[in-house]
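Per Swiss-Prot, the features are:
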- 3-147: domain 'Globin' (DOMAIN)
- 14: phosphoserine (MOD_RES)
- 51: phosphoserine (MOD_RES)
- 64, 93: heme b binding site (BINDING)
């Protein structure tokens, strides 16, 4: 279990309140699919994923990215119970989708890159540390069903 200080919780929540979930979600998932192309196999029903511009402009990628980032909103609200918050998604991704749990870590790291690019100087090392801790906790929670 990951323990967050009150300061870390406030830092994460403060930045999260400024995130455009729709815009950032599409960018996070799109970048994951471009940078780690083997992840595309989980999205074969998304249509054209043949190039980075096709991926980044794909409406299904954008829609699912929004859904993924909305789940991160649940993490922000329930930082003290990530395992419980993501139990259903862990089961889905393990039992039905057979997603390699390492992909959750990759997604989290891409999310941190996107947040840094969106928030620039506001994304200080302290903010990054809090977010890295959160995305690591979410990745562990999503991988829980695998253990």
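Glycine too: its Cβ is placed from the backbone N, Cα and C atoms.
Keep in mind that this is a model prediction, so the values were computed, not measured.
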May I have the DSSP-based helix, strand and coil counts for the residues of the domain 'Globin' (3-147)?
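Breakdown, helix to coil: 118 helix, 0 strand, 27 coil.
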Can you give me the same-chain residues 6 or more apart in sequence from residue 64 (heme b binding site) with a CB-CB distance under 8 Å?
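The list for residue 64 (heme b binding site) reads 25, 29, 43, 46, given in order along the sequence.
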Enumerate same-chain residues with a sequence separation of six or more from residue 51 (phosphoserine) and a Cβ-Cβ distance below 8 A; give 'none' if the list is empty.
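Residues satisfying the criterion: none.
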Quick one: mean pLDDT on the domain 'Globin' (3-147)?
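Reported value for the domain 'Globin' (3-147) is a mean pLDDT of 88.
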